[in-house]
Amino acid sequence: MQEPSIPRPSREHPMTFKQSRAYHPRTFKISRASRPRAVKRARAYRQEQDSDNSDLPNTVILSCNLRLTVKRVLLVDSLEAVNEIKKTNRSFVETMKSVRQQTVPLFKQPHLLHTVICFIMMMSFFGVSYGLYMWLPEMFNTMSKFSELHPEESGSICVAYTKSGNATNNIIYDGFLSKLNETYSSGSSLSAGNHSTEECSSVVNPETFQNTLVVGGVSAVLFLLYGFIIDYIGKRNVLWLTLLGASGSGIALDFVSSSVAVVGFSCLVVSLLFTCISVLSAFIVDIFPTHLRGMAVSLSLMIGRIGIVAGSFVVGTLLEVNCFSTFFLLGGIPLAQPNGGIYIRQVTLCALKARNKGGGKVLGISIF
């Protein structure tokens, strides 16, 4: 069947050359301004086709002058069917291939440096915040024990932990060793009747759980507050100020002696680092391209969960071995993160447009 007669573009014709191309039903370069009339013309052309294809819906391809080559056209119903088939018949091997295609580019140039720095920062934030948060009930309970045993004294967390926590454990351990040496020297057997046992105290002060609830409430309030101020201050400034506040609060925990001050600085350290995790996730979305940012955020959060396990062990071990260095470490790790983040760059929209237009080298701005 012959196509409908379409006037050729010419100077005498009232349509401009660009409009005449847009009106042609076979073209894929339909301008935005003339799109409605082009759709109407294409539908009219479709209705004049052979009756064998009359059951097919009218299909118009709109590419907004992107000059892309159309290789295959799928109707809406067919596209939904293909997606359903992909979902049902997708094997484990194909899933692993898809994961590999999204993961491997993150560890190649030019994303390798950004990936490593983001992973280190996320692991540090999770390790310090959740590592300290895991041991806060123990620390609060130790402070309450110290205040009950020594009401006339005042001391920091480490002083209270040494006198009421580690001191008791050391007395029991030393007593057991002395009894064991006496048993071996006398040649008698070690039995339950030959030595006295110390009872383990399992009393927990109710204020411990109240203080933990306060930490969670302060974190929720900070999340809401940051949602309002981050657009005015900027993500970079928010992250810098948050890390400085968390570092100062962590170091201050080693010197304050009041229980109220301990709760306050603990709230600041944990809640500020919680917000740093969200801000860093927003930076990761801006740093990596669209087809990699989902995997980048997922892997960074997975590495952060590994940091939780490591941070819990490190904080617990340091509290037993050398309590005074614990809070210097917890305050120093966040303070060192901005120095590593200097090397991360964010490709701006203007630079991306310059690259698409052949403007040369893509520029970048520092986000930390």
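Each residue, glycine too, has its Cβ placed from N, Cα and C.
TrEMBL labels come from automatic prediction, so no person has curated them.
As the structure is a computational prediction, the values presented were derived from the model and not from experiment.
Feature annotation from TrEMBL assigns region 'Disordered' to 1-26.
For 112-136 (among others), the entry in TrEMBL reads transmembrane segment.
The transmembrane segment annotation in TrEMBL covers 212-230 (among others). Note on the transmembrane segment (212-230): residues 133, 136-137, 140, 238, 263, 266-268, 270-272, 274-275, 278-279 of its chain, located 6 or more positions outside it, place their CB under 8 angstroms from a CB of the stretch.
Under the heading transmembrane segment, TrEMBL lists 237-256 (among others).
Summarising the annotation, TrEMBL assigns transmembrane segment to 262-285 (among others). Away from its own ends, the transmembrane segment (262-285) comes close to residues 118, 121-122, 125-126, 128-129, 132-133, 136, 139-140, 143, 157, 211, 214-215, 218-219, 222-223, 226, 230, 235, 238-239, 242-243, 245-246, 249-250, 252-253, 256, 293, 296-297, 300-301, 304, 330-331, 334, 344, 346, 367 of its chain (Cβ-Cβ under 8 Å, at least six residues beyond either end).
Same-chain residues lying 6+ beyond the ends of the transmembrane segment (297-319) with a Cβ under 8 Å from its Cβ atoms: 103, 106, 115, 118-119, 122-132, 134-135, 138-139, 161, 277, 280-281, 284-285, 325-326, 329-330. Annotation source TrEMBL lists transmembrane segment at 297-319 (among others).
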